[in-house]
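Contents: one structure, followed by commentary.
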Amino acid sequence: MPPSPLTDIQVRYLGRRDYRETWSAMRRYTDERGPDTPDQLWVVSHPPVYTLGQAGRREHILDPGEIPVVETDRGGQVTYHGPGQIVLYPLLDLRRWGLGVRSLVSALEHTVISLLAGYGIASEARDDAPGVYVEGRKVASVGLRVRRGCSYHGLAVNVDVDLEPFLRINPCGYPGLEVTRLLDLGVPTPYERLEADLALHCLEAIVEYGNGGAA
């Protein structure tokens with residue numbers, strides 16, 4: 001059986017943090033891990049920034065304007081982070097949990113799917129484009145990096161984020177992809193409550209998709 005997430009994954013609520021600094025801290029934490037390093041789940045938001053994954057192409061950034069663009073080492077294409085978005089970064093030793101990359105992606109998607117189901121909202125994942133969708137509109141994005149068997153980067157959920165910056169890119173490399181947010185879906189959006197709810201759903205999904213689970 002996998003360890004209990006409520007005792008063996010430390011949840012850190014970090015508030016608003018610069019993207020580059022957070023990325024650097026994730027890499028440092030991963031590189032310095034040892035056999036006894038605890039797993040952590042970071043809950044954070046970022047000032048406005050576009051991030052370009054390893055598969056990303058600059059032509060998908062249509063008009064960044066004053067918003068900085070950061071080329072990162074996560075998988076995937078281009079996305080936007082900004083205030084009003086909750087970002088979860090699972091810093092996990094995947095072997096402890098019996099997770100592979102695909103099953104961790106599924107766990108992160110299920111985090112949002114299960115949260116929305118609690119509000120009576122049907123959502124789904126797509127095989128061709130990781131993330132969570134409500135009637136074809138993307139409400140959450142997933143992008144990961146695994147190094148030395150350990151994960152970083154993660155899941156971004158649109159709560160009441162300004163959607164205009166998404167119009168300046170092809171989200172996740174898909175021209176015309178529509179984006180939505182929890183506010184427009186009728187989900188009550190007290191931010192601190194949603195942070196805690198998403199963290200709990202994520203911990204539960206890690207167990208479900210880990211050893212002997214749904215992976």
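Any Cβ shown, glycine's included, is placed from N, Cα and C.
Marked as domain 'BPL/LPL catalytic' by Swiss-Prot: 35-210. Look at Swiss-Prot and you will find ARG74, GLY75, GLY76, GLN77, VAL78, THR79, TYR80, HIS81, SER141, VAL142, GLY143, GLY154, LEU155, ALA156 tagged as substrate binding site. Swiss-Prot lists LYS138 with the feature site 'Lowers pKa of active site Cys', giving sequence analysis as the kind of evidence. What Swiss-Prot lists as active site, acyl-thioester intermediate is CYS172.
Under the DSSP three-state reduction, ARG74 (substrate binding site) is assigned to coil, being neither helix nor strand. Cα separation, ARG74 (substrate binding site) to CYS172 (active site, acyl-thioester intermediate), rounded: 12 Å. Reduced to three states, the DSSP call for SER141 (substrate binding site) is strand. Over the domain 'BPL/LPL catalytic' (35-210), the average per-residue pLDDT in this prediction is 94. Note on proximity: among GLY76, LEU155, CYS172, the recorded positions of the record, the Cα nearest LYS138 (site 'Lowers pKa of active site Cys') is that of CYS172. Remark: of the recorded positions ARG74, LYS138, the most isolated position is ARG74 (fewest other Cβ atoms within 10 Å of its Cβ).
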